[in-house]
Amino acid sequence: MRLTLSSSPHQRVRRDTGQVMRLVIYAMVPGIIAQTVIFGWGVLIQSVIACTTALLAEGLIVYLRKRPVDRTLGDCSALLTALLIAVSIPPALPWWMTVIGTLFAIAVAKQVYGGLGFNIFNPAMVAYVVLLISFPAAMTMWLPPQSLSTLSPGFVDMLSVIFTGYTMQGYDVGQLKQLTDGLTSATPLDTLKTGLTQGMTYSEVLSRPAFDSGLFDAMGAGWGWVSLAYLLGGLMLIQQRVISWHIPGSLLVSVFIFASMLHLANGDLYASPIFHLTNGAVMIGAFFIATDPVSASTTSRGRLIFGAAIGFWVVIIRTFGGYPDAVAFGVLLMNMAVPLIDYYTRPRTYGHAAKSNRKK
Amino acid sequence: MALSFSIIAIGVLALIFGLVLGYASIRFKVESDPLVDQIDEILPQTQCGQCGHPGCRPYAEGIANGEDINKCPPGGEATIKKLADLMGVEPKPLDDAHGEEDVKKVAFIREDECIGCTKCIQACPVDAILGAAKQMHTVITDECTGCDLCVDPCPVDCIDMVPLTQTTASWKWDFSDSPRGDIPVKMVS
Amino acid sequence: MVPSYEDIIERLNSHKLWDFPGGVHPDDKKTLSNTSGIQRVALPDLFTLPLRQHVGMEGGCIVDVGDRVKKGQPLTQSTNPYAVPVHAPSSGEVVAIAPHVIAHPSGLTEMCISIRPDGEDSWTELAPMADYRAYEKSELIEAICNAGISGLGGAGFPTHIKTSSSKPVEFLIINGIECEPYITADDRLMREYAWQIRQGIDILTHLVGPKAIVIAVEDNKPEAIEALRLACQDKTDYRIVPVETKYPAGGEKQLIQIITGREVPRNGLPADIGILMFNVGTAYAIADAIISGKPLIERVVTLTGEAAGQPCNVWARLGTPVGHLLDHAEYQPEKQRAPRVIMGGPMMGFALADLNIPIVKITNCLLVPGKRELADDDVERPCIRCSECADACPASLLPQQLFWHAKAKEHDKVQEYNLFDCIECGACAYVCPSEIPLVHYYRQAKSAIRLERDERNKAEKARLRFEARKARLEQEKREREERHRKAKEARMAASENKGSTGSKDKVAAALARAKAKKQSQQSAGTASQPPEDKKAQVAAAVARAKAKKATRQSDTSLPSEPDAAPSEGSDDKQEKVAAAIARAKAKKAQRDSPEQQDVTSPLSDESPQADEDDKKQRVAAAVARAKAKKQAREASLEESADSSDERADNQSSTSDKDARIAAAVARAKAKKAQRDMPRQSNEHSARDEAAKQENTAEDEKRQRIAAAVAKAKAKKAARNTDSENE
């Protein structure tokens, strides 16, 4: 019989780190389902590869660092990182690239900094950028939505592609990208980028098959639905108070504003805000990546600035940069700025005069 | 020609920067305590003389003149660390030639044994002992620095150094410092 | 932008309030204990009353062990304005005044008065002031102070200090929020004693004359609101304001923010912004003290938690042991994972270490959580910087940054992040998904910073005292030299006049004394300080006494050594130059006629004067001790020489074992020395004394003392050798 001499508060809210991470993972489910339905089994296979790698790597490193393995794995942060990597890489990426990316995320971007809570960069985005820079060709090999593709690989084919590079029938990834009309598919962002460099106008590009003519013209075929699924998951997270609205809200609004400004300035050269919002990783970035608490800003005002700045970089890099998408770069850039943002957005403490706040 | 131009240009630049720097050094002058004061601030002011100096300030002067920073047992590791930070040198372990770090103590006079010789009063560096010749002496606990200097002069050895007891005011929220009561206790952080 | 009085009244009229940032909504569990009325408890076997029950100073104890006290009789008193007395909770006998474990998270002891009740429970004479309007305000405030009332809500700030604020009061806020989960003491009090609370508010209104009176109650207590409405229905200016339930709305600063939108400035008091706030319990106690004259000897305490068979509210006398009340509530420790008693609520209360801890003025709840309640799995995980804490913080701090810096013990950084604005409400730790005991870190940092500050202040004071002493010594030295010079001149003049024969020494001494006196008077005159004059006279007197003493000592004591003692001792007083001269003369005389001295000493020894004898004995004892000490020192010197040899050995030998053996040897030696020394010193002193005196009883006494001293010395020597060997 022991009496607990503990410090108040003795009451705690029953939601620990693991639960928070699991909730985020559950909220990703709609998006993953949408990706599976639209782009095939690839994303699921990649998820399995990434998760296995992540858990093994984290377990091993934590063991070597002599920290409690079960508790560290129990917080599910490695799982979440792995899933974020899996959904952001092309579904047909060779397996070893996924493994390298995940290893890099866990070992270098996270554990080298001291593990969960100490990493200054979002591990999933570090992995993504590392892969993108190391394997630019493979990392842009997105398969077309299954509705558009000539050969829509099944589960076994996909498995075979990922592990051997060829389907059971012997097609490689390049061939899988063939569309029904004989053209090669690319992501809508790629399509726009190449279209614009070829001298096409924005509205001409929209008529390419990479775009859906359903809900919005500018919505990428299939991509729009994936984005909407992630939006749904993200709203669930906000409703569950797992994340605050500040970062996704300001990020989306800022993407919208900057894209609108450019679009209004020259509608032929610059894509519409709807295009920017529904394509690429903006939605998942806004709700799942930029909101990673460890590497995001911690004050309310800071989070608004953080989100808005990411939105700004996304539009700028997408429009003027060399890479088609920019969420990863935007997030990493702003991760670096977090200490600065936090320092300058300290809230006014109760009872302090408004200005003496930052006085040393 | 080109050479002279560049020389003139660099000269002018040097002049401008010199002026700017000179102005800045006057305009943004940082008022700082003299080094000795800063060191003296860090020392525990027990005036115990264990460092070999007659008081803390002389030692502070000594440090400022390059003496070792590890001669202050009452300050202990914490003081050495602060001194090392201030002086920009590596912290060293306490030099045990000067004594060892100990818990904080205060002098206590066993009053019925005191013969009133006033020797301790003269030894006390901070005038923390009260009494007169042939009268019983006593220590003003609040003023006592625990320097030990009164213990040796006492001809009848009636001065003890007693460790300061933990009070609710000095308790640092360390549950391991708490006495156990009648309920068996498990401690959580 | 501080809202003006009119703005606030307008908003209050339209039932709009402000809000404070952050806050949490813990499960309040109030229904456990708020369904039944406040019960009475049987008297315990023993009351234990800490002398200090509130912030501020403790009073001095005015009863003694064995005194019989009446219920309500004050036990302490103090002239300090921040002290309020404690009173006997029942009639009985004071059985102890001793340190006892008190209601403090540390479980440490403080001075307490223990009273064994006689069961009669008879009141002392009370002085009610029912017609309080007829009294001076200062009398009322004094009555409140004498009734021992300090805030019953939380920190226990003495109430009379608040009420005697000289600043104009715009708002008098009565705090009936009780936002902590589980606690229902104020709730029940408001329901059952609304009328008395209202009387208390009347008195407070009379005392402070506020422009508006607000009674704030959380909206989860509709019955209490109703009861207060009923009690105050004839007072239209008493606004009863339901406040949205959110923790910590009941914090003083937070409630002020909710009601008025104003913020108490840092390092300020609510009075600075025209607000005074009292807890409903305090209002009740004030009414009790003024209307019926009863001091604060009991309060409502909630006994709750799933491990309590009968959760309820009770009237608990102050000083009642916690265990007694828990028995009343049928506390079942087996329903807990481990016995755990929390004093206060689950958010800000602290765990107790002892069931004998008494109820004090600020105790509002005893919580005994069941197995699944308030589970504490004590697994602190890494912070994931989720900022839930920052969102929950009612003071808009950044708990996470505070945590980093507090953990790293970066005390200046923590203060830069306004650690001391933390009200320790626990909201941050409550929401933390990593279960970091954030508040604990803050508390540790706060106490460390406070202690550091105290220490720095103390060091600063020590430095000043040291410097003052140094200056004084230098001054004295200068003066002494000056006087020496003048006295010497005077003596030269005197010796020229009277010759320098030994027999005339005394005359010369007297002359020198007179000169010195005159001179010191002169110096006092030039300094134009009347006290100096007196001092000089005193000095002269002292000098005379010294001279006498010196002669006596030279008669009675052995040569040189005891003489050195007083001469050293008088160093301190040597501003009185005459003393030194006189003694010098005496010494000279002594030196001149050693034979004479030998003859005189037995004579004076046999002199029958009783007190003289006594003095002599003391001197002799001192001499014996000094001798013993000297021997001991010599012994210890040898010892340390030995041990330093051994130390050298130790250094050369690398093995730990060798060192230990050496240490053991050293200790053994010290012990031996210790054994030897008493014998030696006994022999010595005995011989000395026997030579001088025949009184065996005296001898024995001296031997005893000498033995004790020698033992102490030997111990010290042993200590030295030990430490040297370590």
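In case you wondered, yes, glycine gets a Cβ from its N, Cα and C as well.
Per TrEMBL, the features are:
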type	residues	note
REGION	B:1-25	region 'Hydrophobic'
DOMAIN	B:31-89	domain '4Fe-4S'
DOMAIN	B:105-134	domain '4Fe-4S ferredoxin-type'
BINDING	B:Cys114, B:Cys117, B:Cys120, B:Cys154	[4Fe-4S] cluster 2 binding site
BINDING	B:Cys124, B:Cys144, B:Cys147, B:Cys150	[4Fe-4S] cluster 3 binding site
DOMAIN	B:135-164	domain '4Fe-4S ferredoxin-type'
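Feature map: annotations from TrEMBL on the structure.
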residue	record	DSSP (3 states)
B:Cys114	[4Fe-4S] cluster 2 binding site	coil
B:Cys120	[4Fe-4S] cluster 2 binding site	helix
B:Cys144	[4Fe-4S] cluster 3 binding site	coil
B:Cys150	[4Fe-4S] cluster 3 binding site	coil
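Take the Cα of B:Cys144 ([4Fe-4S] cluster 3 binding site) and measure to each of the binding-site residues B:Cys114, B:Cys117, B:Cys120, B:Cys154: the nearest one is B:Cys120. Contact with chain C, taken as any Cβ pair under 8 Å, is found for none of the binding-site residues B:Cys114, B:Cys120, B:Cys144, B:Cys147. For the region 'Hydrophobic' (B:1-25), the DSSP counts in helix, strand and coil order read 24 helix, 0 strand, 1 coil.
Considering only the binding-site residues B:Cys114, B:Cys117, B:Cys120, B:Cys154, the residue whose Cα is spatially closest to the Cα of B:Cys147 ([4Fe-4S] cluster 3 binding site) is B:Cys120. The Cβ centroid of B:Cys124, B:Cys144, B:Cys147, B:Cys150 marks the [4Fe-4S] cluster 3 site; residues of that chain outside this set whose Cβ lies within 8 Å of it are B:Ala107, B:Cys120, B:Ala123, B:Pro125, B:Val126, B:Ala128, B:Ile129, B:Val139, B:Thr145, B:Gly146, B:Asp148, B:Leu149, given in sequence order. Shown for the domain '4Fe-4S' (B:31-89): DSSP residue counts in helix, strand and coil, namely 29 helix, 0 strand, 30 coil. Surrounding the centroid of the Cβ atoms of B:Cys114, B:Cys117, B:Cys120, B:Cys154, where the record places [4Fe-4S] cluster 2, the chain contributes additional residues within 8 Å, namely B:Ile109, B:Ile115, B:Gly116, B:Thr118, B:Lys119, B:Ile121, B:His137, B:Cys150, B:Pro153, B:Pro155, B:Val156, B:Cys158, B:Ile159.
With every protein chain in view, the residue among the binding-site residues B:Cys114, B:Cys120, B:Cys147, B:Cys150, B:Cys154 whose Cβ has the most Cβ partners within 10 Å turns out to be B:Cys147. Taking only the Cα positions, the spacing between B:Cys150 ([4Fe-4S] cluster 3 binding site) and B:Cys120 ([4Fe-4S] cluster 2 binding site) is 5 angstrom. Set side by side, the binding-site residues B:Cys117, B:Cys124, B:Cys144 differ in how many other CB atoms lie within 10 angstroms of their CB, and the most is found at B:Cys124.
The distance from the Cα of B:Cys117 ([4Fe-4S] cluster 2 binding site) to the Cα of B:Cys124 ([4Fe-4S] cluster 3 binding site) comes to 13 Å. For the pair B:Cys124 ([4Fe-4S] cluster 3 binding site) and B:Cys114 ([4Fe-4S] cluster 2 binding site), the Cα-Cα distance reads 16 Å.
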